[in-house]
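If you check TrEMBL, you get these features:
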COMPBIAS  350-367  compositional bias 'Acidic residues'
DOMAIN    15-309  domain 'Sugar phosphate transporter'
REGION    337-367  region 'Disordered'
TRANSMEM  12-31  transmembrane segment
TRANSMEM  43-60  transmembrane segment
TRANSMEM  102-128  transmembrane segment
TRANSMEM  134-153  transmembrane segment
TRANSMEM  160-179  transmembrane segment
TRANSMEM  199-215  transmembrane segment
TRANSMEM  236-255  transmembrane segment
TRANSMEM  297-317  transmembrane segment
Amino acid sequence: MAWPVQFLFRGLRTVGLVLLYYVFSIGITFYNKWLMKGFHYPLFMTLVHLGVNFCLSALARRAMQCWTGKPRIILTWEDYLRKVAPTALATALDIGLSNWSFLFITISLYTMTKSSAVLFILFFSLVFKLEEPNPFLILVVLLISSGLFMFTFESTQFNMEGFIMVLLASFIGGIRWTLTQVLMQKAELGLQNPIDTMYHLQPLMFLGLFPLFLYNEALSLSASEKLFRVTELSPLLYSLMTLSAGGTLAFGLGFSEFLLVSKTSSLTLSISGIFKEVCTLLLAASLMGDRMSKLNWLGFAVCLCGISLHVGLKTYYSKNKVPSIRQLSSKGSELQLPLLRQNGDKCEDSAADDYDDEEEEQEISLH
């Protein structure tokens, strides 16, 4: 009886973790879209989210330090500015443009266009020699590209300005996740834990996005009654609470991904991410009134096939080659991308390094 009970417990735990990931991932998408209907300052919203993320990651690091009794990594200024700054700038632009696009496009168009990030990630992974050339990658590119074309072709709710923003965000996202992969693979930096990575990225992300905010939103926001020209305290508190809630959702998304990978595997997160896209479009159609034709749905299905093929290929090749962080750091510039793999029954001493690598690889596969 012990084995069926244990199997049932693991199944229920996996379902619970997947649902938690769905709540944060889908929740922040709809939340940002809802907020942008009445608060037309996406860059300021992103800055607030970064501040909340920094505070929560600092608290998480303190809790981890008290729990383990070991001090957390703090980079030197030289490493921080030379090695973390490019990743932080790319991340800030990716998130900022993504949030900005909600002023113009629907959730369905955003979800579909953002899926094209896989193409740019593959491209930059090949450029940085993180991904080995594979003939099947051509099929992946063709499926995702053709699916995106069919989804946007003669779309009744298509907006060129918002589409270009999301496409540009996907392109920058390819740079972002490739640089993040390299950053976390450098064992000497000690940023394998995503909480430590988030903690070090947020300040530079804030500084990188702040000039764009000053140029585009600062003047109009200073004259807005949403924050600086309020006549009563309650509207100000409401605006600050709603903005902070988005930052909490963003932090919860990263934490739920980390928890799901650590307790199951990155393959579970990959498959969950594919079904999450389907759930997002169905909810957008039913709750937000997004209109999609049969050709749009067909394009989305073709794009999902391309993403599924990409995940399947990584799962297949992971059986033959699974480099570790120490192996990667010893190869210098010849870094190889850690492939998807099951956690299995491993000793606890090596589990932390393994699932941190898995999580970052998974983020590259999904965003």
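Any Cβ shown, glycine's included, is placed from N, Cα and C.
Curation plays no part in TrEMBL annotations; they are all automatic predictions.
Using the rule of three or more Cβ pairs under 8 Å, pairs at least 6 apart in sequence, the transmembrane segment (12-31) is not in contact with the transmembrane segment (297-317). Touching of the transmembrane segment (43-60) and the transmembrane segment (297-317) is ruled out by the presence of fewer than three CB pairs under 8 A, sequence neighbours closer than 6 excluded. Panel annotation: around the transmembrane segment (134-153), residues 109, 112-113, 115-116, 118-119, 122, 163, 295-296, 298-307, 309-310, 313 of the same chain, lying at least six beyond its termini, place a Cβ under 8 Å from a Cβ of the stretch.
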